[in-house]
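So that you can see what the record holds, here are the features copied from TrEMBL:
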ACT_SITE  Tyr144  active site, proton donor
ACT_SITE  Lys215  active site, proton acceptor
BINDING   Arg197, Asn459, Asn504  (S)-malate binding site
BINDING   Glu286, Asp287, Asp310  divalent metal cation binding site
DOMAIN    121-301  domain 'Malic enzyme N-terminal'
DOMAIN    311-573  domain 'Malic enzyme NAD-binding'
Amino acid sequence: MAIFCARRRRLVDLVASAWSWGSHRGIANGHHLFRSSGRPTIVHKRGADILHDPWYNKGTALPPTERDRLGLRGLLPPRVMTPQQQIDRFMSDFKSLERTTRDGPRDMSALAKWRILNRLHDRNETLYYKILIDNIKNFAPIIYTPTVGLVCQNYSGLFRRPRGMYFSSADRGEMVSMIYNWPAEHVDIIVVTDGSRILGLGDLGVQGIGIPIGKLDLYVAAAGFNPQRVLPVMIDVGTNNKKLLDDPLYLGLQQPRLEGEDYLAVIDEFMEGVFTRWPHVIVQFEDFQSKWAFKLLQRYRNHYRMFNDDVQGTAGVALAGLFGAVRAQGKPLSELANAKIVVVGAGSAGLGVLHMTRKAIGQILGDKSKATRNLYILDKLGLVTKERADADVDPDAKPFARNTNEGLREGASLLEVVKQVKPDMLVGLSGVGGIFTPEVLREMKNADYKRPAIFPMSNPTMNAECTAEEAFKNVGDHIIFASGSPFDDVELENGKIGHVNQGNNMYLFPGIGLGTLLCGARTVTDRMLSSAAARLASYMGEEDVNNGKIYPPISSIRDISKEVAVAVLRAAVEEDIVEGYRDLSARELQHMSEDQIREYVDQYMWSPQYSPLIYEER
């Protein structure tokens, strides 16, 4: 008990000492680092400059004493509002917007909601994140999928002020020095894209910056990353989208995409620059086209703290769902090795799911050679078999190629495969809306599982392989359903409710990032990722799983992220790759119990609260 108390005091001391870490705007100590305890924030500006800075602006909540010492008296209405009154005012405006746009075009309504949130983000960071955290279930679909896809498609027209950094092929030879233009002294996490495969929408060029911005909002809201220590990045290497090439208002380079060694040289230079300035930063790759996603992951993962969410995050969430589907049958998790799984889509996400599933099954069987016996993959040409010409198959799909002597021909259609294989689990990551046709879905009634799993995981909603209603209508009320984009629960004719799970990557990537940050591991290992998936799979209780609920509610995302971070950190300890974080040594981390690790993680999760502002001249 005495040892535990001593370690607990050590944690408190570490958090207290962390207040001395300044931000790029001159904060000596303050709420932008950790949970506020009334400590002041030192600022080096006064007057209207405060009101125009979203980090410091409290708007009408600025108290009289701060208005006096910061030269703000007369620059704001006289009444001082409480933070809760500010929240109520914004939510009233938001609900009014919802009412006025309810009967209009859906896309216009979605963009209007994104705009009102984005304007708040531009004015008052603290209030923005407070509202986002408290309303994460309703606002996550606006700041991220599905609305973010619409935002990216229209980003050149929506752009008002820069957020993040832009690197381009025109900057070759200058990127290492460019990194120092970013004003933050410390950056914990970067999300980067080249805009080549934005969700299921294809090449959107520089407009893909909306993806890193949305992802990092989720890192802050879900895992408590400090918003002053995150950086969204776009690497513009051109675009092959003819519409953008011909658009006079397009904001990116209007030239064909770089390929081959020229492309790799740009990404290499970016990575070198980032890790030169911030050696301990984590870089998440996002929405790179399939031909580069795996190649870049293998190129960098053993040398830098990086991971690819499309490959590894999607795979982890899907694997957790597959384990959940096994649990819903009343079977032990080891029975995943016997489940027949068909994956439709051989892009980075589909292949990532299969590779992680193969590793999990190999561990269950203790024999990697038998891990693919029940795994099938279809690409745009149909079923991948060993008769497929090398030029027509992704090298990463070859381990899953089937023998044609199993009764299925090369290039067999999805309907043929489902009829012959009678899969227990059907996973869609194709980006082809409606590919799970009523005929395909009705064949799923013949699965060996009493509760077959239907997972249309493609984003955004229009690219989902089927809707929830189509799945329940054609297969039955007994299925386990999970989708990538949100669908409402389905009211069935028998009076029952068909439960819709959303297999959203946000269940994993914020916690993976947080756990990696706090353990200090130099790389993100397969064991850290599989531990994250296993923790998510075990999060739901047996009663919920029996009722078809295999993923937790989004409203619990901060607790989920904390648990995932704990699992990641423990996996790193078990692999003996922790190096500590700030003043906490690797040895101290290695001797922590799980409860102590959970407390450690919780202490470092930032929460948005106003703190007093104190002016100090430079």
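Yeah, the Cβs are placed from backbone N, Cα and C, and that goes for glycine too.
This view paints the features noted in TrEMBL onto the structure.
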{"residue": "Tyr144", "record": "active site, proton donor", "Cβ contacts under 8 Å, 6 or more apart": "Gly214, Lys215, Asp217, Leu218, Met506"}
{"residue": "Arg197", "record": "(S)-malate binding site", "Cβ contacts under 8 Å, 6 or more apart": "Asp203, Asp287, Phe288, Gln289, Ser290, Ala293, Gly347, Ser348"}
{"residue": "Glu286", "record": "divalent metal cation binding site", "Cβ contacts under 8 Å, 6 or more apart": "Val191, Val192, Thr193, Ile211, Pro212, Lys215, Asn308, Asp309, Asp310"}
{"residue": "Asn459", "record": "(S)-malate binding site", "Cβ contacts under 8 Å, 6 or more apart": "Thr145, Pro146, Gly149, Leu199, Gly200, Gly484, Ser485"}
{"residue": "Asn504", "record": "(S)-malate binding site", "Cβ contacts under 8 Å, 6 or more apart": "Ala140, Thr145, Val317, Gly484, Tyr551, Ile554"}
Number of other Cβ atoms within 10 Å of the Cβ of Lys215 (active site, proton acceptor) across all protein chains: 28
Sparsest-packed of the listed binding-site residues (Asp287, Asp310) - C-beta count within 10 angstroms: Asp287
Site extent for (S)-malate (largest Cα pair distance over Arg197, Asn459, Asn504, Å): 18
Segment-level pLDDT (mean, integer) for the domain 'Malic enzyme NAD-binding' (311-573): 95
Cβ-centroid neighbours of divalent metal cation site Glu286, Asp287, Asp310, 8 Å, sequence order: Thr193, Arg197, Ile198, Ile211, Phe285, Phe288, Ala293, Asn308, Asp309, Ser348
